[in-house]
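Everything on this sheet refers to the single structure shown next.
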Amino acid sequence: MLKDLQLTPGALQPIAMHLQQTSALILQQHIAMALQPMTLSQQPTAMDLQPMITLRHKAKDLLPTVLTLNPSARAQLPTGMDLNPSTSWLQPTGWGLKLKDSNLMIEDQSYKMSPKAKRAKQNLVSEDKENKAIDYSVPIFTGREVSISGITDTEEERIKESAAYVAKRNLFATGEGVSVSKVAKSTSEEQHHEKKSRKVAIRESAERVALKKTLEDTQAFHKKLNKDKLLHAPEFVIEPRSHTIWEKQNVRFHCSVAGWPAPRVTWYKNNVPIDVQTHPDKYKIESRYGLHSLEINTCDFDDTAQYRASAMNVKGEISAYASLVVKRYKGEIDASLLYAGTSMPLGFGVTPHGYASRFEIRFVDKFDVAFGREGETMSLGCTVVISPDIKRFKPDIEWYRNGVLITPSKWVQMHWSGERASLTLTHANKEDEGLYTLRVVMGDYYEEYSGYVFVRDADAEIPGAPGAPLDVQCLDANKDYVIVSWKQPAVDGGNPILGYFIDRCEVGTTHWTQCNETPVKFARFPVTGLIEGRSYIFRVRAVNKAGISLPSRVSEPVAALDPADRARLRSHPSAPWTGQIIVTEEEPAEGVVPGPPTDLQVIEATKNYVVLSWKPPGQRGHEGIMYFVEKCIAGTEDWQRVNTEIPVKSPRFAVFDLAEGKSYCFRVRCCNSAGIGEPSEATEATVVDDKLDIPKAPGRIMPTRNTDTSVVVTWTEPPDAKELVGYYIESSIVGSGRWEPCNNNPVKGTRFICHGLINGEKYIFRVRAVNAAGLSEFSQDSEPIEVQAAIGGGLLHAAPSPPYDIMVLESVRDSMVLGWKQPKVIGGTEITGYYVNYREVVDGVPGKWMEANIKAISERAYRIQNLKENMVYQFQVAAANLAGVGTPSLPSQPFKCEEWTIAVPGPPHDVTCTEVRKDSLVLLWKEPVYTGRSPIAGYYIDMKETEAKEERWRSVNEKPLQKKFLKIGSLKQGVSYVFRVRATNQAGVGKPSNVTDPVIAETRPGTKEVVVDVDDNGVISLNFECDQMSPNSKFVWSKNYEPIEDDSRLNIDAKGGKSKATFKDLGEDDLGVYSCVVTDTDGVSSSHTIDEEEMKRLLALSHERKFPTVPLASELAVEILEKGEVRFWLQAEKLSGNAKANFVFNDKEIFNGEKYKMKVDQKTGLVEMIMDKLEDKDEGTYTFQLQDGKATNQSSLVLIGDVFKKLQDEADFQRKEWHRKQGPHFVDKLGWEVTDDCNVMLKCKVANIKKETHIVWYKDDREIMVDEEHDFKDGVCTLLISEFSKKDAGTYEVILKDDRGKDSSELKLKDTAFADLMNEVCRRIALSATDLKIRSTAEGIRLYSYVTYYVEDLRVGWVHNDTQIRFTDRVKTGVTGEQIWLQINEPTPQDKGKYTMELFDGKTGHKKTVDLSGQGRPFPLLTSSVLALHYRARVLGGLPDVVTIQEGKALNLSCTVWGDPTPEVSWLKNEKAFVSDANCTLKFESGKKVSFTISAVSTLDSGKYSIVVKNQYGTETSDVTVIVISVSGQTDTVQGHDQNTLTVSKKKKTMTANKRKEVEKKDFIKPHVEEIIATEETPDANEIPPAETEKNTKSKHQAAKVTDGKAAVAETVPQPTESLDKQGKKPLEKKP
């Protein structure tokens, strides 16, 4: 006996001691392994208990053992906990387990069927007693160690499955919840007894026998049970759904999970577990009755995430994903709708991007049609691009096979990397064949991509054996049998399949047992002899004369249990069994004999077996019942029991050993321990035969083009087809005789795309139907089709619309001829044929449609044979093209099948319009099938406008037409017409044909006509061109609208969009109307009539072409080439490749050689001859003679006398020019141009220059020296002459030279040429003049303008009020540098008015004007000048020019300033601002007196000091130089003066009344001016120099400028002779 102990390291030792006493030593070793140190302060895991669980596999012969937990240990277990060691013990709570005495034993009981045993009703533990202290037992049961490969893959999984399985099946398998364990208690515990009620004590004694039986029953039942069908991995019955909501709303995710043991569900947000305790108000997780939910309250934007529900048990884990998108309110809807609990308006679609937006999902690197073989590994993959990319909004990747969602398994693996989705078939089987679809789901939007996967049969082990069956399934499983079904293979190995063998294997073993001794043909078979509760797998093998096929893929495991038991085992509550038996107080009831079963029926009958099904009786007692099945031959009462030994346990049963063809009746009896009940009602007589017939062959096999390696095959379902599994399609190359399967898994529907065909080969196809009874016969072979891409680059066109206007053309006693019109919509491709159906109409009730023709007919008239005389029929017609068979027409009106006896002809048929133009068309028809009692004499054509009434029909022809076509003219453009035709014979005019469809008289754009042509050989042909052709279009020529069958007179050729009909020998036999129709177009056609007159014209033209001349585009001509060569040439309009030319000079043929170079270009028709040099002896006549096949021609050129001399001189000149151009040379001779700066540029364009080429410039034979090398940029050479003047006149020459030669160019700039240049220079200078400005001076006012530079040739004139100004001492003009001015001293009111400056360049005058009128004010400009002179700021005196003072002395300078208003005074030292400091004091008193004091000067005080006075009328500066002599006697240099500055000791004043010239003339560029620094005294009012004085100053190369407080700059004006030197050129040298 063991005391209570903790389940800590070493706690399992008592168990080991007990087991050591009852088992072998080997078990003790395994227990020791289980007792390795482990810490169970927290909950134990599956890994901790694995060694203990492993004992189950080693102790296979042990009886069930029960570990009992004391009440205190059980109280710490979670409520509702399952004892599965890998799931329920993993709950996150800390607890410890205590074990009681484990010396346990089970009493063996033998089962005896006690008649009328008394039994008490048993219940589960009541809720109010759940918390009582009771014993809690943990069952550990023996299991099976051997497993079959493919069902449970690893030892670890088998361990987990076994532990959970045994616990579950012992507790709940029977549904009674009863398990008994007898526990031996210690002596101390025996003294303590729980109180029991009296009734319970009595019942314990009475029920002991029943309890023992129950225990034995339970043990036997569980030994037979197999764990594999009870344990299964979690699977989502209902997956959580994604939501898109508004902020502040609540959302709930729901899911339902199935699986055993009961899975534990965990919720994650972005792969992070959701902790409800951390956010109790935010999240709420519930799990009730298998329904799990996650509720999120008051969602905000941060709740947008991907949520995952993860379900896990020992069999595995599975997850389901859902996305939540929380949108913020944008204001488009009522805000009240956004609060929690309020639903959104219908149709209000919200996505992560706003309202009604969608994701763009694209597939890249897509998988194509795949081909594999059984046993191989196949993989499909596709890259998915989703935009926009939302980081937390991931797609759902789903794979479908034939529209059915695929789930992962050992056969199929799926992977999603975030960018690429892939699916792998680890072991391909024919079951895997089908259309695979990848669906990418983003919220409410998804995109799909599909590709077909073909799986062929593996190579047979026996040659000629059939392929393996496929899709093995268990349809109906119960305790007694399992119905196994399969699909027949497509490949029979060349011999018919004789039947199938079914094999079974018990799960957990590897032994296969054949279930049937003889092959069965029916693709369903009930397998009996199964052991109740065990699981089985099945496979099927096909048999033919050659041998047995490979086995099929095994079925899913199935347990031999009734469906009710299986459902109860799966759905039983997972609460732990309490170990108690609750017994009611009711008196036991006696056993009851069951009543008869109900609803007995035959659910399946074949030649081999009959399956019965019934319902249990209502009167059955409290114990289980079983059944006896009885049979008898129909019509007798000789009932025989089928199952004589073992009663049937399930309400279904398969009866074998029945005589084929006989009729049987069946009934069923129930039995239990109380006896056998009454029989059920007998079934109706059932014939032992296959109720399901083999289907008939499919019909109307129609192949159509798809791609360059595939064909679409369509067919019609066989009549009276039942329970069709699908169809097999086979293909064969025409002429090979070998058929190959196109699919290995039957396809549903009547359309299939056959892939893997050879492009360009012709194939035929056939189809057979499949059901459980077998395979049908093959259909008829289809029409051959060439494997090519369909019209439109692989895009299928539509099938044609229905034909219409069905009419009877002839009727006899047993047949009728139908006619109809072509469909209005042919589907974009040519109609290949028609199918006709008919049905009988009896008393107005139509019968079943029947096919009139199996193969398509091409004509629109067809005779239906084998009809019943005087029977009424209806007809319908369907048209077919490459896209398939179109919709049949509506049923025709009823027609009676009877002999026609009328004398007049029947109606013509197939009336069509062609060659429709704006004023004509051609009408065609076919003669009546029924001609009446005499032959057809002709036809009448009627026409009317479409909208006109019936009485408006009018005949087009007065006399009957013998031909069956007519060109109808005089139509009105744009008007719609209809036509009909009537036939006539001697008896009269017959019934008119059907009216044509309305035709509008119009010529369609792009319409072309047949063109007659006569080629160069005189061959006459008819040509037609079409630019509307499709790949299948053809040209069809006819004569008089009848097909041309005789090709002895006409050759027809077509290439591309052109067709040519060539006459071999045009004659009278060829007269007629020739028409051409292009098929597969919208009626493209044209015709040409050849009558006698046209024939004569064509023959004459043909004769002319047979004896032709070579047409010349130009006659013989001559020209001089660049090198001085002489070229003779002519050009023919056209030359063939065989054309040749002869060259003749003075009647003597000349040949290609050193002097003559001859060439004939057949492509361009150019014929030429080139002579290097034209000499005197070459004077004469030149002739070119051409011959091109039969065509000839010639042309001559006479070169004599002056014509020859002129040509010879020109050739010599060109030769010299060419030699000149071999070295550096001038392309453009030397010329000149005036630049924008008014300078003169000499330029020339050169060519063939290299780095060593030199350029030399000369003027008047003296070289102009240039310092810089010329770079010949852009091939232009230039020489710039600045400030061009008279001294620059002369002859200029430029020379190019290098080792290849030299060239020169000369330019004379003298006399007229110089005058022209100077005029241009003056014009440019005049154009550069600025607008006239006005400036006040001390003497008056000055009008001035600036030019680029001034030359004497530019004449200047001044005009005042349209009067030429006469210059005096008061009014004078002059030029200072680039300034042209007019000075008015002491201005008076008479000086106001308009002033004009006139510049004359020698040809044209240029004017600049300024107005001094004042515009109504009193002479404002002049007045302002006077005021400026009077009130401007000035220094009146007092400052010396130079002050010399000894170091240490005091310096005191003062002066008086004046101005109105009072000026501002500032000081500068060495041109920099200067202010008072401790050493120097600056004062300005009373607005007049200025003083400057330095208490003790030093050498640092030497420098230039300036006083600046300024007011609104001007500024004046006065300078004083202070020189401080040091004590040593040395004098410091005046600071701030450059040594190059010319210092003047005379007093200087600088005054500016207006802005400087630099401000007035921005961006003004001075041309090559040398600058010197000088000073200028400000002149007094009486000291203004006259214009002549300034001109003298100009002649001395210096002109003063007024500056604004700065040193004046004098510019040296270059003389004309000096202008070249300003460019850095050396003095002129004599030309060598």
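Heads up, the Cβ atoms here are built off N, Cα and C, so glycines get one too.
The annotation compositional bias 'Basic and acidic residues' is assigned in TrEMBL to 1619-1632.
If you take every residue in the domain 'Ig-like' (234-325) and average the pLDDT, you get 89. Annotation source TrEMBL lists domain 'Ig-like' at 234-325 (among others).
Positions annotated as domain 'Ig-like' by TrEMBL: 352-440 (among others).
Annotated domain 'Fibronectin type-III' per TrEMBL: 468-563 (among others), in sequence order. The residues of the domain 'Fibronectin type-III' (468-563), classed with DSSP into helix (H, G, I), strand (E, B) and coil, number 1 helix, 47 strand, 48 coil.
Within the domain 'Fibronectin type-III' (596-690), the DSSP-based counts of helix, strand and coil residues read 0 helix, 46 strand, 49 coil. Among the features that TrEMBL reports, domain 'Fibronectin type-III' is placed at 596-690 (among others).
The domain 'Fibronectin type-III' annotation in TrEMBL covers 697-790 (among others).
What TrEMBL records for 802-900 (among others) is domain 'Fibronectin type-III'.
The domain 'Fibronectin type-III' feature in TrEMBL is assigned to 907-1006 (among others).
Positions annotated as domain 'Ig-like' by TrEMBL: 998-1091 (among others). For the domain 'Ig-like' (998-1091), the DSSP counts in helix, strand and coil order read 3 helix, 44 strand, 47 coil.
Feature annotation from TrEMBL assigns domain 'Ig-like' to 1224-1310 (among others).
The domain 'Ig-like' feature in TrEMBL is assigned to 1420-1523 (among others).
For 183-202 (among others), the entry in TrEMBL reads region 'Disordered'.
The region 'Disordered' annotation in TrEMBL covers 1573-1632 (among others).
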Item to check | DSSP helix/strand/coil residue counts for the domain 'Fibronectin type-III' (697-790) | outcome: 0 helix, 47 strand, 47 coil
Checklist entry - Which numbers of helix, strand and coil residues does DSSP report for the domain 'Ig-like' (352-440)? => result 3 helix, 47 strand, 39 coil
Item to check | the domain 'Fibronectin type-III' (907-1006) and the domain 'Ig-like' (1224-1310) contact flag, 3+ Cβ pairs under 8 angstroms | outcome: no
Checklist entry - Under DSSP, the domain 'Ig-like' (1420-1523) has how many residues in helix, strand and coil? => result 15 helix, 57 strand, 32 coil
Checklist outcome for this item: Reduced to three DSSP states, the domain 'Ig-like' (234-325) has 3 helix, 58 strand, 31 coil
Checklist entry - What is the number of residues in the domain 'Fibronectin type-III' (802-900) that are helix, strand and coil, as DSSP sees it? => result 0 helix, 49 strand, 50 coil
